[in-house]
């Protein structure tokens, strides 16, 4: 173990992004990181231990931490020598999708408790020590849905919007103490959790929801979501690599930048809302035509590692901008007709 290694605390490491970040840092050839990979239930550590291999117990260690519990957070951090954490990576989170009128309030509260208050709880606990040392880095895994709301993901998006606002305000304050705060905003990520969630939604009944909304969700949103995950989805490895030297905002998938540009180009917000409406509902056949083209263009270049990938990514980005413009033009016509 390198005596000068930085202590990194990561939450949500039983699978997905958290697991890959933990292993990637533990594999550092110079052994610059002492990784404490945490999870709520230590019975789920097997995949992490297997992925870490010989590094387990050397540069990677596992600890129990439930981000929804004040006591658990405090107990975990108190167990670390001198409570010294150089880098906090707040990754633990849960998803929620479906017609909003069908979702019980306790499920909504659970999403906020995990996605928003979980990060706040962690930051509150480690921030005073970082400020006292005048050193530290905090990386929060947010989502592109913290920047752009998406139909049938309203509660999840709201929890990430809250997280974005909290971190944006705090980041400016922390600069006075030489502590940096960064946000990672992934789009769709290929994980076992996402696949199970979408499959579960296909089979679920919605007796309390009107037939039109059920039809929109089941026959418009879900097929589109499957296409987007298949075509635009990144792997946890791609997300993990962005943590090496992040800015404040870090969109991990450049294909989402045209959508966000559309949102911020129109101060009324009407254009992006109507463009999304066109994509999901009125111009669905156009989406069905365009998505296979995107699939062809994105094949093999989810991460840019050489000149050919860079060239291919630029072509893909140009197509996605042109593709989005078709829905935008239709949205402009809708606005003009109002």
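Placement of Cβ uses the backbone N, Cα and C atoms for every residue, glycine included.
Curation does not apply to TrEMBL; its annotations are automatic.
These figures come from a predicted structure and were not determined experimentally.
The domain 'Ketoreductase' feature in TrEMBL is assigned to 6-192. Per TrEMBL, NADP(+) binding site is recorded for 12-40, 66, 160. Among the features that TrEMBL reports, substrate binding site is placed at 143. Among the features that TrEMBL reports, active site, proton acceptor is placed at 156.
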Helix, strand or coil at residue 16 (NADP(+) binding site) [DSSP, three-state]: helix
Whole-number Å value for how far residue 143 (substrate binding site) lies from residue 16 (NADP(+) binding site) (Cα to Cα): 14
Residue with minimal Cβ packing [other Cβ atoms within 10 Å] among the binding-site residues 12, 16: 16
Lowest local Cβ density (other Cβ within 10 Å) among binding-site residues: 24, 36: 24
Local confidence of the prediction over the domain 'Ketoreductase' (6-192), expressed as mean pLDDT: 96
Fewest-neighbour residue among binding-site residues, criterion Cβ within 10 Å, set 32, 40: 32
Separation of alpha carbons, residue 156 (active site, proton acceptor) and residue 143 (substrate binding site) (Å): 9
Cβ-Cβ distance under 8 Å to residue 20 (NADP(+) binding site), same chain, at least six residues away: 51, 235, 236, 237, 239, 240
Those residues of the chain, 6+ apart, with a Cβ under 8 Å from that of residue 156 (active site, proton acceptor): 95, 96, 97, 111, 115, 143, 145
